Amino acid sequence: MAFNDLLKQVGGVGRFQLIQVTMVVAPLLLMASHNTLQNFTAAIPPHHCRPPANANLSKDGGLEAWLPLDKQGQPESCLRFTSPQWGPPFYNGTEANGTRVTEPCIDGWVYDNSTFPSTIVTEWNLVCSHRAFRQLAQSLYMVGVLLGAMVFGYLADRLGRRKVLILNYLQTAVSGTCAAYAPNYTVYCVFRLLSGMSLASIAINCMTLNVEWMPIHTRAYVGTLIGYVYSLGQFLLAGIAYAVPHWRHLQLVVSVPFFIAFIYSWFFIESARWYSSSGRLDLTLRALQRVARINGKQEEGAKLSIEVLRTSLQKELTLSKGQASAMELLRCPTLRHLFLCLSMLWFATSFAYYGLVMDLQGFGVSMYLIQVIFGAVDLPAKFVCFLVINSMGRRPAQMASLLLAGICILVNGIIPKSHTIIRTSLAVLGKGCLASSFNCIFLYTGELYPTVIRQTGLGMGSTMARVGSIVSPLVSMTAEFYPSMPLFIFGAVPVVASAVTALLPETLGQPLPDTVQDLKSRSRGKQNQQQQEQQKQMMPLQASTQEKNGL
């Protein structure tokens, strides 16, 4: 009897699974909001230099007298004239037509607050010579996500999924709330980094805790559900940001609910699979019997005992001798192969995804509308991905989503910018494919790595995704040399990654591996199967040769 048989004995997919999956997945609605929050909290409204304090606009000829025009005929955002360009002579003897000498906005800026009444940009003047600080805030958030994936992924394998999730909910709630009350830019960035750390871990542990409590045939459903919840979170952000335009209030609205998640997370049941992998049979038995009671299978749960578990889970008990370390990903050839291939998939997906998302302003429409469109395309894309995952397997779904995304982006690079509708449609289609790739890779990675190092593997994969999101803005700078160069790079990487997917094994209908030995056995099994097929193909040829020799 394997662990999957024990799950069936205590109810399979019952009341417990429905309750816990719902409670674990619910906070992901707001996780999506945090990931793209700065699209609204750090929005840049139209702005221009503030005229000198002693300026008299009625005498100088109006505001236009102080504002030079850019190449598009719009007022400059970061420069003003040193003196008005028409009107009576100025105090320094300037003629009516002015000197046309410009200077930076030494008296500050005037912002158009009609759409965004308050953002971190307007509050701390993150424009012009300070505009890099706006991107720095988002980069630091991504650094936090990177650190969280590594640190908490490791801790979850050591301490358990439940304990780390409880800590993450509290950290997200506290750091997000503190960011809303940040007195200055530096404090804001510190708390955003802490939020990024905890949110990365929530995403990873949410998938793992749910998958480890589900039978084999339902794991794809859970992965797809999590993907849909994330997409719905993008819709939610558009609505919340529209209703709560002040950045501090918006930051609070998406952070405070994590206090609720922190409270009810104490009722989560730790993964019995993790307990058994840690050699804690007493806790494994307690967890399974508790699940059996919730699922109405109390009699079946009563049949379980320490001896039954010891007999049934001999393989899992071998893990109690010691957990695998992160270095095992590089030491063991089997794990190293998985690590390198999956790292490429994670990097390519995130790299291309953020390459598209960071160009949202190029659509020239309302940011709220863009948020809705990019959330809407995920729904049909992930549904198609779900069908492929369940019918054809994880590997074809992963390969197709990356390949189609890369093709859409590459084609976009050769279409003239005047064809706005075509370019926008391709970008939306490419984004949908990349969203499907994210949906698939979370499930695929969790099924490929053994229990002993599953969280560490997911954490390292998420780390590579964050590296991709950090590198992506740097690639966008190549547009200065050739406008379509970023699109060619963003498209080529997922195409190459789709080919790498062919080097990974299929996991459809396979039990979750618990040890590295399971991976080796799976690999040897496939090699033996291939050899048997080759022998079957050779037998008719050998028989034909013997007949000819007999003649």
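A Cβ is built for glycine as well, from the same backbone N, Cα and C atoms used for every other residue.
For 1-9 (among others), the entry in Swiss-Prot reads topological domain 'Cytoplasmic', with the evidence type sequence analysis. When pLDDT values are averaged over the topological domain 'Cytoplasmic' (1-9), the model yields 73.
Per Swiss-Prot, the feature transmembrane segment maps to 10-30 (among others); the stated evidence is sequence analysis.
According to Swiss-Prot, the topological domain 'Extracellular' annotation covers 31-135 (among others), on the basis of sequence analysis.
DSSP classifies Asn39 (N-linked glycosylation site) as helix under the three-state reduction. Annotation comment: Swiss-Prot describes Asn39 (among others) as N-linked glycosylation site.
Summarising the annotation, Swiss-Prot assigns N-linked glycosylation site to Asn56 (among others).
According to Swiss-Prot, the feature N-linked glycosylation site maps to Asn92 (among others).
The N-linked glycosylation site feature in Swiss-Prot is assigned to Asn113 (among others). For Asn113 (N-linked glycosylation site), the same-chain residues lying six or more positions away in sequence with a CB closer than 8 A to its CB are Pro45, Thr122.
As annotated by Swiss-Prot, transmembrane segment applies to 136-156 (among others), with the evidence given as sequence analysis.
Away from its own ends, the topological domain 'Cytoplasmic' (157-164) comes close to residues 201, 205, 208-209, 212, 265, 268-271, 274-275, 278, 323, 452-456 of its chain (Cβ-Cβ under 8 Å, at least six residues beyond either end). Here Swiss-Prot flags 157-164 (among others) as topological domain 'Cytoplasmic', drawing on sequence analysis.
Per Swiss-Prot, the feature transmembrane segment maps to 165-187 (among others); the stated evidence is sequence analysis. Under 8 Å from some Cβ of the transmembrane segment (165-187) lie the Cβ atoms of residues 24, 27, 34, 120, 124, 126, 133, 137, 152, 194-195, 197-199, 201-202, 205-206, 209, 248-249, 251-252, 254-259, 261-262, 265-266, 268, all in the same chain and six or more residues away from its ends.
For 188-195 (among others), the entry in Swiss-Prot reads topological domain 'Extracellular'. Secondary structure counts, DSSP: the topological domain 'Extracellular' (188-195) has 8 helix, 0 strand, 0 coil.
The transmembrane segment annotation in Swiss-Prot covers 196-216 (among others).
Taken from Swiss-Prot, the feature topological domain 'Cytoplasmic' covers 217-224 (among others).
According to Swiss-Prot, the feature transmembrane segment maps to 225-245 (among others). Taking Cβ pairs closer than 8 Å, the transmembrane segment (225-245) reaches residues 21, 25-26, 28-33, 36-37, 40, 115-118, 206-207, 210, 253-254, 368, 371-372, 374-376, 378-379, 382, 385, 435-436, 438-439, 442 in its own chain, all 6 or more past its ends.
The transmembrane segment feature in Swiss-Prot is assigned to 249-269 (among others). Beyond the transmembrane segment (249-269), the same-chain residues lying 6 or more positions past its ends with a Cβ under 8 Å from any Cβ of the stretch are 16, 20, 23-24, 26-27, 30, 33-34, 37, 40-41, 162, 165-166, 169-170, 172-173, 175-177, 179-180, 195, 209, 213, 237, 240-241, 287, 290-291.
The annotation topological domain 'Cytoplasmic' is assigned in Swiss-Prot to 270-337 (among others).
Using a 10 Å Cβ-Cβ cutoff, Asn39 (N-linked glycosylation site) registers 20 neighbours. Asn113 (N-linked glycosylation site) falls outside any helix or strand according to DSSP and counts as coil. A contact links the transmembrane segment (426-446) to the transmembrane segment (196-216), because at least 3 Cβ pairs that are 6 or more residues apart lie under 8 A.
Counting residue by residue with DSSP, the topological domain 'Cytoplasmic' (390-395) contains 4 helix, 0 strand, 2 coil.
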